[in-house]
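Q: One structure, pasted below without further comment.
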Amino acid sequence: MIEAQALSKRYGAKTAVDAVSFTVQPGKVTGFLGPNGAGKSTTMRMIVGLDNPTGGRVTVNGSPYAQHRAPLREVGALLDAKAVHTKRSAYNHLRAMAATHGIPNSRVREVIELTGLGPVAKKRVGGFSLGMGQRLGIAAALLGDPHTVILDEPVNGLDPEGVQWVRHLAKGLAAEGRTVFLSSHLMSEMALTADHLIVIGRGRIIADAPIQTIIDGQGKVRVRVRADRPQDLLGSLAGEGVSSQVLEPELFEITGVEPRRIAEIALREGVLVYELTPLQVSLEDAYMELTQTEVEYHSHALPASGEAPAPAEGR
Amino acid sequence: MATSTHPAPARESHRKAGPTSGSGVNFGRVLKSEWIKVTTVPSTVILIASTVLVMIGIAALLAWQTTILFDAQSDPDMASQMQGAPDAAEISRDIPGSGLVIGQLLMASLAVVLIASEWATGMIRSTMVAVPRRTPALLAKQLIMALVSFVVGAGAAFLGYLIAQPILGSSDLGFGLGDEGVLLHIINTGSVLALVSIFAMSIGTLVRNTAGGVVTSIGVLLVLPIVVAIFGGGTEWVVDAARFLPSSGGEQMVATTIQEGALNQWQGALVLGGWALVLLVISLIVTKKRDV
C-alpha cells in the first residue's frame with residue numbers, strides 16, 4: 001500500500017509534482033499513466049526516498065520508505081535500468097544489493113533465473129542491451145520478495161516476449177496480494193496490464209479510477225448535435241445522466257447517450273435536429289483528451305513556409 | 001500456486017515469510033555489501049595491487065640510491081664536494097614509506113573514483129534505495145577504503161623495509177624494526193593513506209564527479225603545498241599556516257626525525273585527521289539532504 005498526501009516537488013520555479021494525493025491498493029496492478037515530463041518518475045523517486053518532497057508526504061506500508069528496517073523487503077523498485085555500475089557483473093551487482101539485507105545468494109540466483117538473466121549473469125553490465133538492463137532492474141526489485149513493487153516504465157526496450165513477461169509478472173504479483181505500481185506513457189500498455197489507473201499530467205492527478213470506469217467514462221459515445229433549440233433538448237435529456245458541452249449556440253456535444261435516444265427525444269419535443277454525428281473515442285483518444293491540456297511538450301505541425309510560428313503570448 | 005485466487009490469505013502467508021528478525025539493514029551487512037562492491041570491479045583490484053608494487057619499487061630504488069650516496073660520502077675526496085647533502089644514514093630510515101607521495105596520488109584517486117563512479121553510472125540510486133538512511137552506506141564505503149588504504153600503506157612500507165634491508169646492508173646502513181621511529185613510520189605510512197582516502201572520498205562525495213574530485217583532492221594534497229612553498233616561502237604567517245595543511249600533517253606523521261619547532265607525529269595526525277573528519281561530516285550531512 002502506497003499513500004501519498006499532498007505530495008509536491010518543486011525545482012526552483014518549476015513544479016514537477018503539484019500536491020498529489022493518491023492511494024495504491026494491494027492486490028491489484030495500479031497503472032501510473034502520463035505523458036513524458038508529467039511527474040511520474042519524480043513521484044516514484046519520492047516514494048523510495050531518492051528525492052525529498054518539497055511538500056506533503058508519502059508512506060509505503062504505513063511508514064516513510066527510509067524508516068523501514070528492511071526497505072528492500074517492503075518495496076522493490078525499478079526506477080531506471082541504468083542504476084548499476086557498468087564494470088560490475090549482474091550477479092555481483094545483485095549480490096552487493098542483497099548483502100545489505102542479509103539476503104542469501106540463493107535468492108540472488110533465484111531472481112536471475114526468474115528474470116531470464118542466467119546466460120549473461122556473469123557478464124559486465126556495461127555491455128547489456130536496454131532490455132537486459134531492464135530485466136536486471138526488475139531482478140533487483142524482486143530481490144527482497146517485497147510486498148510492494150514499483151516499476152517505472154518497465155517495458156521500455158523489451159522485446160515482445162519481454163513485454164508479455166512483464167505483464168504476467170505484474171499480474172501474478174498482484175494476484176499474490178502485493179501492491180504493484182507501474183508507470184507508462186502508453187495507454188495501450190496500461191489497458192492490458194492495469195486494474196486501476198492513476199493519470200497524471202503536469203504534476204497533477206487528472207484521473208484516479210478503476211480502468212474500466214476510465215474506459216467507460218472516456219470511451220462513452222459522444223454525439224455531436226446541431227439543433228435549433230438546444231436548451232429544450234438538453235433539458236429533456238438531463239434525466240438520462242448525460243453530460244454536454246455547448247460549442248456554438250446551436251452546436252453541442254452530448255456524452256453518455258446513444259444517437260438514437262437523442263433523436264427519439266428530439267422527435268418527442270419537436271426540436272429540429274440537423275446534425276447527429278456519433279464521435280468514436282478510442283482508449284488512446286480518451287487518454288489524449290485527458291492529458292492534452294496537461295502535457296508539457298506539445299508537438300506542432302510545421303508552419304507553412306514564410307509564416308512565422310505564432311508567438312506564445314501571456315494571457 | 002493454488003493460493004493465487006485468494007489475495008488476502010496469500011498476503012498473510014507472505015507477511016509471515018517476509019520480514020523476520022534479523023532480515024533488515026545493519027552496519028555489518030552494509031560493510032559486506034561495500035566490500036563486495038570494491039572487490040568486484042576489476043580495475044579497482046588492479047589499481048590497489050599496482051599501488052603496493054609501485055611503493056615497494058620506490059623503496060627499493062631509494063635504498064639503492066642511498067647506498068650510492070653513502071659510498072660517496074664515505075669517500076673523503078667526494079665528501080668534500082658534497083657539503084649540504086643529507087646524511088645517508090639519516091635518510092635511510094625514511095625509505096620504507098618513501099613511496100607515500102605516489103601512494104597518496106593513487107589511493108586518493110581511487111577513493112574519489114569509488115564514490116564518484118556510483119554517481120556517474122547511476123549505481124548510487126541502487127545504493128540509496130537499499131540503504132535509504134544513506135549515512136551507513138557512505139560510512140561503510142569510507143571504512144572499507146580506509147582499511148584498504150591502511151593495509152596498502154603499512155603493508156607496502158613493511159615490504160619496502162624488508163626489501164631495502166639487504167640493499168642497505170651492503171653499505172652497512174641497515175636498521176631494525178625496533179630502532180627508534182621505524183615501526184611508527186611504517187604504521188603511519190598506512191595511517192596517512194587511510195586519512196588521505198577519507199579526505200579524498202569526502203571530496204568525491206561532495207562534488208559527485210570523478211574528474212572534479214580527483215583534481216580537487218590531488219590539488220589540495222600535492223599541488224597546494226608546492227604552490228605555497230614557491231609563493232609564500234618568505235612570508236612568516238604563510239609558512240606558519242602551511243604547517244596546518246593536510247599534506248604537512250601527513251608529512252609529520254611519517255617523519256622519523258622531528259625538526260625543532262615542527263609538529264610531532266601525533267600532532268600531524270591531528271592536522272590531517274581533522275581535515276578528513278571535517279570533510280567527512282560535511283559530506284554526510286550534505287548527502288543526507290540531497291536528491292540522488
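Note that Cβ sites are derived from N, Cα and C of the backbone, with glycine treated the same way.
TrEMBL entries are annotated by machine, without manual review.
Taken from TrEMBL, the feature region 'Disordered' covers B:1-22. Summarising the annotation, TrEMBL assigns transmembrane segment to B:45-64, B:101-122, B:143-163, B:183-207, B:214-234, B:266-286.
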Q: Can you work out whether the transmembrane segment (B:143-163) touches the transmembrane segment (B:45-64), with the criterion being 3+ CB pairs under 8 Å where the paired residues are 6 or more apart along the chain?
A: yes
Q: Take the C-beta pairs under 8 A between the transmembrane segment (B:45-64) and each of B:101-122, B:183-207, B:214-234, B:266-286. Which stretch has the highest count?
A: B:101-122
Q: If I count Cβ-Cβ pairs under 8 A between the transmembrane segment (B:101-122) and each of B:183-207, B:214-234, B:266-286, which range comes out on top?
A: B:183-207
Q: What same-chain residues lie close to the transmembrane segment (B:266-286): Cβ under 8 Å, and 6 or more beyond its ends?
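A: Residues 134-135, 138-139, 142, 188, 191-192, 195-196, 198-199, 201-203, 205-206, 243-246, 248-253, 255 contact the transmembrane segment (B:266-286) from elsewhere in the chain.
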